[in-house]
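Q: There's a structure below that I have some questions on.
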Amino acid sequence: MPKVMKDVVHPLGGEEPSMARAVVRSVGGFTLGLSLATAYGLLELLVEGHSPWGCLVGTLTLAAFLSLGMGFSRQVRATVLLLLPQAFSRQGRTLLLVAAFGLVLQGPCANTLRNFTRASEAVACGAELALNQTAEVLQRAKQPLVSALNKIKAIARKTKEVADRVRKFFRSIMDGVKHIARALRNVWQWLLHIGDVCNSELGNPYLKCARVFDDAKDSCMMVIPQAYHLCYVLMPFKLALCGLASLVQVFCVIPKYIQPFLRQTIGTPVIQLLNRVRQEFEFNMTATHHFSVDLNASRSLSQVAMDLHEAVSMKLHRVREALALMGFTTPLLLVLLYLQALFYRYCYLNWDHYDNIYITSRFLRMEAVRSTAGLPTVLPLSAHEARRYIPPGSIFLSQWEKFFYILETFNLIRHLLLVLFLVFLDYAVFWVLDLARHQLQGEIVARSPVLVSLTVEGTGYAGNIYRDLVSAFDVLQQGNISILSRRCLLRPSEPDSTGYIVIGVMYGLCFFITLFGSYVSRLRRVICASYYPSREQERISYLYNVLLSRRTNLLAALHRSVRRRAADQGHRSAFLVLASRCPCLGPFVSHFWLHQAYCLGCGQPQDEGDMENTVSCSTPGCQGLYCLTCFRLLDNTCSVCASPLSYQGDLDLELDSSDEEGPQLWLAAAQRKDPEQAWLLQQQLQEVLGRSLSMESTSESSDLDEEKGPQQRKHGQQPLPEAHQPVSILTSPEPHRPPETSSATKGAPTPASEPSVPLSPPSLPDPSHPPPK
């Protein structure tokens, strides 16, 4: 059938709605659009917990689209109405599972991550508390030494003050001594240099006096060289006067003899005395203490705690981002459902085989019209067709619906197990952390069990030092260590019961969709049929033609199946066929394989006690055994012995010169049914085999078979080969002309039609691609 490419198929002239109905539909669509937008806004605000402004903007946008679209557009109205049952389809259930799992991620998973974060914060606080307590213990351990050092420093400061005073006193003494020394040095220098000054000022008196008289003598001798002997008159005066001048030389010689005496007797002892006094006031004070604490760690405990907290935060950053994105699943869900509704509407208008498996009331009316007109019909359906094609209101599911029903049930169970595990994990983590909080909610402080008191008596610097040391040990004993503090108390986050109720409701809705989604999804075809009735009539005609075409091909396939199983003598397996060919395997096969009769048409096993549902061929010597359905499809004629009579056409028979049983059975059946047809069949067989055939042997075998009776013929049946569904063998239709006394189903197949709707030949769908749901 040609595909309909128009999106809108207007109804027939008699069904065109009036103006009043159009107004009512527009008002109803406008109201329904506003209601749906309001429900979406409440869902986003109350369930998802989004911001009011974001919910307001989204609700107004959706309300404008839905109300105006459903009020003034027939296509939008049909698509939105399709969206409601589309939510109960397999794709809608999948999207609802995604939304529910998003709530699970935002609820239990986020709460579990929050509890892990709080646990890491408590661990970091405990590490910092341990660091502070360790530093405090170290400070208290250093306290005795620090006190001793402080006392020593105080003594040193006081000693320094005394030393400063002694230094000032010594400096005063030194200044006085230096003043005396300077005076003595001046005297010493005067005594040291007085001889030189005396000699430089006065010279040697005797020598100077003698030099004066000598100079006078020389001058005289130069003046009066002739009377130089007169110049020697001065010599007596020289001796007398210069002898008196030598007495003054004693004063210049005395300091030379006094200076060494003063150096040895006064200078050296005084210097030694001063040095000895200086040494008495010089002293060295050395205080040495050693205190070393080695902590082999590259990082401090506070840094380790902060690094631990940052590492946990970095690990959870992407998870938190994903959880934040899960809050926008509802708009995405609505958009995808709307796109799926558009896709279903497009497929309904353009693909004849899409979701076309329902036997509707229009289909039944077409069947009644064709039955009244004497045309071939398709009802009742075969067992295989009944599993595929169902009425829309039937409580039974089609074959594909059952398959998807089982698949979706297992998928839902898998999701429920995962969600239950996440919920259990949330409660387990909270229970463990809450138990730890309950056990550690107190405060533990380590105190010294025994206090030792020491008293130091005495005065002086040493007593003060020992007294300070003892007081420092008292401080060390009285110090308390906080092992557990309320500041680091773990406060786990309690699971949200309201969120769990919402999650339970959503998964309950998923379970409802899994159970009844197939029935609700059938409303999509009802909605499209109400909006596009002419398109629905075309789809029904297409389905009727498909069934009628398969019914015609079914008869030819059933004839071939019967002939094939009759050639194999009714054996189902290759081993039984081999045993029939080799007589030596017969006892072995009969010992292990029980005898069972099978329908030659469909291969269904037949119970020996239920003979009401089986039909045996009445022709003598024929092994034909059929179920009621196959025998009705064969026009109540055995296809083994009477196929040339019931299936007119070319003799497509595999015969050779040694085949005697088949032609004799055909002639016997023809003789019983119509002697004239028996004569014609005999002529055709003689032409095919190239020899003459007589009916005498046939009549003899007929007499023998009549004596055996039908009960012995039933026990003489051999096991039949494996059943094949007749509808799975698609062949080209062959001409078939049943007798005039047959029912309407025996007539020649013609395209299904109604007086007012012309039909075209059907285009068979691909068996490997079943129609999607």
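Just so it is clear, glycine is given a Cβ too, placed from its N, Cα and C backbone atoms.
The feature compositional bias 'Pro residues' is assigned by Swiss-Prot to 758-773. According to Swiss-Prot, the feature N-linked glycosylation site maps to ASN284, ASN296, ASN480. Under the heading region 'Disordered', Swiss-Prot lists 692-773. Summarising the annotation, Swiss-Prot assigns topological domain 'Cytoplasmic' to 1-26, 73-233, 344-415, 521-773 and lists sequence analysis as the type of evidence. For 27-47, 52-72, 234-254, 323-343, 416-436, 500-520, the entry in Swiss-Prot reads transmembrane segment.
Have a look at these and tell me how they're positioned relative to everything else.
A: Per-residue pLDDT, averaged over the topological domain 'Cytoplasmic' (1-26), rounds to 54.
Within its own chain, the transmembrane segment (52-72) is flanked in space by residues 26-27, 29-30, 32-34, 36-38, 40-41, 44-45, 80, 331, 334, which lie at least six positions past its ends and keep a Cβ under 8 Å from the stretch.
Nonlocal intrachain contacts for the transmembrane segment (500-520), taken as residues 6+ away from its ends with a CB within less than 8 angstroms of a stretch CB, comprise 47, 85, 87-90, 92-93, 96-97, 99-100, 103-104, 107-108, 395, 397, 401, 404-405, 408-409, 412, 415-416, 419, 423, 773.
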Q: What does the DSSP secondary structure composition of the topological domain 'Cytoplasmic' (344-415) look like, as residue counts for helix, strand and coil?
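A: Going by DSSP assignments, the topological domain 'Cytoplasmic' (344-415) contains 42 helix, 2 strand, 28 coil.
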